[in-house]
């Protein structure tokens, strides 16, 4: 547990890179950290190379990013926590947890390819998990000689964004080469700086739900010898500080109480973690096996575990990557809440025999484990590793 205090003088924003596999998300992440370290040197702005961001061994063996890398950097205006979201379709599950943490995202599209299946999927996921602001970085422009082709690709990206209710005509599109910027090409470094100015200006300072009761979805749990158990994740709303009493809610039938003995972010101690911060929370009296991913830390009494609710859902079409066939009563997919999948059964409204791809319907859901949910909690419906629907809890039933 580090002792250095975390600087809060600049607004803090969570962003990330999304887009199709091999379009240059990780290279762009490396370029942003490297160019900012050259142009705006500070304790925070440290260059990260491709291999350190692409860190987990299975990623490098397969040449695909799997886990979610967190890096930090700052512009003159802001402090950023940046997630390099996985690109490969098998790892969409991780993408969902990553995208859920973003105030805005940079959609990376290779100019050589244009939008690809995962470009569409990531735009859809951003829409589902509430990422409101996207900025487009058209990468690899150095490999395209034809100006008209670049214009065509840009139009195609804008149309795709509009299709998913993003303001496709107004979204900023920056064209450049992340690799050339990384290699020190001055003109391309300027473009990376232009991208960051655009991110500063286009993504508004997030409105934080600091006045609401604490809700922190647990992403990871580890123990520190002699100190206790740490639960980490992004604070969804509210605040947490030392000596606060919290409840651990969901998955298990009983609710546990714990006392917070430490809060840290980027290895620095915090007086208080607030909504939007990625923090580790040290809990007194909790064993490593008494808390798990998928649970939440919450202000006592503020949220309860439920297994039955009504949900308003949209079922994806085949073209959107959803099911090709309808589903019927008692369909049992996975429901993805915040950081975890839970199996549940679906009861259709009286008189509805089946639900077709593209339908919008109210369903009754019964989960096999209780989850901390309330009216307004969003979820994805998943089956065999792919998203087939998206929904919001409209009413708690049990």
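Note: Cβ is positioned from N, Cα and C throughout, glycine not excepted.
Listed features, source Swiss-Prot:
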- 10-207: domain 'tr-type G' (DOMAIN)
- 19-26, 84-88, 139-142: GTP binding site (BINDING)
- 19-26: region 'G1' (REGION)
- 26: Mg(2+) binding site (BINDING)
- 63-67: region 'G2' (REGION)
- 84-87: region 'G3' (REGION)
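Sequence-distant neighbours of residue 141 (GTP binding site) (same chain, six or more apart, CB under 8 Å from its CB) are 111, 150, 175, 176, 177, listed in sequence order.
Confidence over the region 'G3' (84-87), given as mean pLDDT on the 0 to 100 scale, stands at 60. In the three-state DSSP assignment, the secondary structure recorded for residue 19 (GTP binding site) is strand. Its Cβ taken as reference, residue 26 (Mg(2+) binding site) is surrounded by 25 other Cβ atoms within 10 Å in the chains shown. Residue 19 (GTP binding site) sits 10 Å from the residue listed as 'Mg(2+) binding site', taking the Cα positions as reference. Counting Cβ atoms from all protein chains shown, residue 25 (GTP binding site) has 29 others lying within 10 Å of its own Cβ. Counting Cβ atoms from all protein chains shown, residue 22 (GTP binding site) has 17 others lying within 10 Å of its own Cβ.
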